[in-house]
Amino acid sequence: MGGYILAIDQGTTSTRAIVFDGKQQVAGVGQKEFKQYFPKSGWVEHDPEEIWETVLFTARQAIEKAGISATDIAAIGITNQRETVVVWDRATGKPIHNAIVWQDRRTASFCDKLKKQGLEKTFSKKTGLLLDPYFSGTKLNWLLTNVKGAPARAAKGELCFGTVDTFLIWRLTGGKSFVTDATNASRTLIYNIVDNSWDDELTDILRIPRVMLPEVKDCAADFGVTDASLFGAAIPILGVAGDQQAATIGQACFKPGMLKSTYGTGCFALLNTGKDIVRSKNRLLTTIAYRLNGETTYALEGSIFVAGAAVQWLRDGLKVIKAAPDTGTLAESADPTQDVYLVPAFTGLGAPHWDPDARGAIYGMTRNTGPAEFARAALESVCYQTRDLLDAMHRDWRSNGKDTVLRVDGGMVASDWTMQRLSDLLDAPVDRPVILETTALGVAWLAGSRAGVWPKQEEFAKSWARDRRFEPKMDGTTRKGKLKGWRSAVKRTLMAA
C-alpha cells in the first residue's frame with residue numbers, strides 16, 4: 001500500500017476523481033459530466049444511476065492516469081453536492097425516484113405552510129438552518145408523499161435515505177455501509193447540531209421514519225471498504241465531507257475567524273466560528289464545519305444559488321460567449337460609463353435574502369448595452385453577492401472586517417479580472433491558492449490523515465500555499481457608488497417578487 005489518496009468529488013454537473021500522491025500533489029484526474037433533468041419549472045433532478053456510473057468511470061480514469069493500481073491507494077475520501085436527496089430500496093439498492101437536487105424548489109409551498117404554523121424557529125434552533133426548499137428534509141417528505149407505497153415501505157425499514165455521499169458509500173461497499181458524516185447530516189433539516197443526533201421532533205413533523213436514516217460519523221472515520229471487484233482491490237473509505245466543508249478544510253481554515261468562498265455553480269462562503277454556535281441575526285446559516293475526534297467545529301455559511309451558473313447563462317442562454325474563460329476578457333472591454341446590474345435570481349435569491357419567489361432582472365440597460373456589459377454585470381453579480389454575505393458575517397461575528405482575508409477556490413477563481421473585481425468590491429485581500437482543487441484536497445486530507453499517510457492538521461495548514469493575492473485598487477467613491485447601485489437593484493427585484 002502506498003501513500004496515494006483517491007478523492008471522489010461528486011458535484012452538481014459533473015463528477016471528478018483526483019489521485020493525490022504522498023506529497024499532496026495531483027497525480028491523476030478523471031472527470032465526466034452527467035445529465036440534468038428539469039421535469040417542471042423550478043424542479044431539478046439527477047439520475048442516481050448516472051451519478052454512480054460517473055463515479056466508477058472517473059475513479060478508474062484517475063487511477064489509470066496516475067499510473068498506479070488500487071493496491072497503491074491508502075484510502076478514499078468522498079466529497080459531494082450537499083442537500084440532494086436519494087431514496088433507494090434497501091434490498092436491491094435501486095433508487096425509487098430520481099435524486100431531487102439542492103437547487104430544486106418544488107417544496108416552496110410546503111415550507112411556507114410550515115412557516116405559517118410557526119415552525120421555522122423550531123427548525124432553526126435545532127439545525128441552524130432556515131425553512132427553505134434548499135435543504136433535504138422537505139425534499140424527502142415530498143418523495144415519501146408522492147411515490148406510491150413509499151411511506152409504508154419506509155416505515156418497515158425497506159427504504160434508505162441518504163445525501164449523495166451515503167448512496168455512493170452504500171454502492172461502493174456493496175450495501176454493507178449505511179453511513180454519512182456530520183457535515184452532510186447537518187444540511188438535512190432534521191439533524192440537531194447541538195446534540196449531534198437526528199432529531200425526533202423534526203422527523204415527526206416531516207413524517208420521516210427514523211429507520212431510514214443513516215448512522216452519522218466524524219468526517220475522518222471508518223466508512224467501510226470498497227468491494228474489491230470495483231477497482232481491483234478493496235480500499236478503505238476514511239474521509240467524508242460535504243463539498244463546502246471539504247473546501248474549508250482544503251483551504252486550511254482551521255482557526256476561528258478564517259473564511260473561504262467557493263465559486264462553482266453557486267457560491268458558498270464559510271466562516272469558522274470554532275466551538276461556538278453563532279446564531280445569525282442576518283439570515284445566514286449556522287452549520288457544522290467539520291467534526292474530528294468527536295469534537296465539532298461550527299461555521300457561519302452564506303449560500304448564493306447563482307455564481308458560475310450566470311456565466312453558463314451567458315454562454316448557453318444569451319450565447320454572447322463561446323466558452324466560460326472568455327468572460328473576463330469580454331468584461332474587461334465593457335464601457336465604464338454604463339452601470340448595468342444583473343440580479344441573477346434564476347431560482348430565487350439565497351443568503352441573506354432567502355426569497356424563493358424572486359426572479360432574475362437586469363437594470364441600467366441602454367441601446368449601447370452589449371455583450372461586454374452583460375459579461376461584466378454577470379461577473380460583478382457574484383462579487384456583489386459575496387460582499388452581501390461578508391457584511392452579514394461581520395455583523396454576526398462582531399468583526400469590523402478590517403482583518404478580512406478571503407481564501408477563494410472553484411472554477412471562477414482562475415479569472416484574474418473577476419478576482420481583482422472581487423477584491424475591489426470587498427475592499428479586502430483575496431487569496432488564490434496554488435492548488436485550486438481544494439474541495440478534493442480537503443477530503444483527501446481527511447482520508448489521508450486517518451490512514452496515517454498524510455500530515456497532522458497543524459503541518460497540513462502550514463503547507464497551504466498562495467498562488468496570488470489580489471489587493472483592492474478601486475477608489476472608495478467608485479466602490480460606494482457601485483454598491484449603492486447594486487443594493488437598489490436587489491431591492492427592486494425583491495419588491496417585484
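Any Cβ shown, glycine's included, is placed from N, Cα and C.
When secondary structure is read from DSSP and collapsed to three states, THR265 (ADP binding site) falls in the coil class. There are 22 other Cβ atoms within 10 Å of the Cβ belonging to THR265 (ADP binding site). According to Swiss-Prot, the feature ADP binding site maps to THR12, ARG16, THR265, GLY308, GLY411, an assignment based on sequence analysis.
Taking the Cβ of TYR134 (sn-glycerol 3-phosphate binding site) as reference, residues of its chain lying under 8 Å away and at least six apart in sequence are, in sequence order, GLU83, TRP102, GLN103, SER303, GLY350. Marked as sn-glycerol 3-phosphate binding site by Swiss-Prot on the basis of sequence analysis: THR12, ARG82, GLU83, TYR134, ASP243.
For THR12, THR13, SER14, THR265, GLY308, GLN312, GLY411, the entry in Swiss-Prot reads ATP binding site, with the evidence type sequence analysis. Its Cβ placed at the centre, GLN312 (ATP binding site) has 16 other Cβ atoms within 10 Å.
Listed in sequence order, TRP102, THR163, THR183, ASN184, ARG187, GLY242, ASP243, GLN244 are the same-chain residues six or more apart from ARG82 (sn-glycerol 3-phosphate binding site) with CB atoms under 8 A from its CB. As annotated by Swiss-Prot, glycerol binding site applies to ARG82, GLU83, TYR134, ASP243, GLN244, with the evidence given as sequence analysis.
Counting other CB atoms no more than 10 Å from each candidate's CB, the binding-site residues GLY308, GLY411 peak at GLY308. Once the Cα atoms of ARG82, GLU83, TYR134, ASP243, GLN244, the listed binders of glycerol, are compared pairwise, the greatest separation found is 15 Å. Cβ proximity to the glycerol site centre (mean Cβ of ARG82, GLU83, TYR134, ASP243, GLN244, cutoff 8 Å) flags the following additional same-chain residues: GLN81, THR84, TRP102, ARG187, GLY242, PHE268, SER303. For the binding-site residues THR12, THR13, the ranking by surrounding Cβ atoms (within 10 Å, all protein chains) places THR12 first. SER14 (ATP binding site) is surrounded by 13 other CB atoms, counting those within 10 A of its CB over all protein chains shown.
Among the binding-site residues THR12, ARG16, THR265, GLY411, the ones whose Cα sits within 10 Å of the Cα of GLN312 (ATP binding site) are THR265, in sequence order.
Annotated pair THR265 (ADP binding site) and SER14 (ATP binding site), C-alpha to C-alpha distance, rounded: 11 Å.
Within 8 Å of the Cβ centroid of the sn-glycerol 3-phosphate site, not counting the listed residues THR12, ARG82, GLU83, TYR134, ASP243, the chain contributes GLN81, THR84, VAL101, TRP102, ARG187, GLY242, GLN244.
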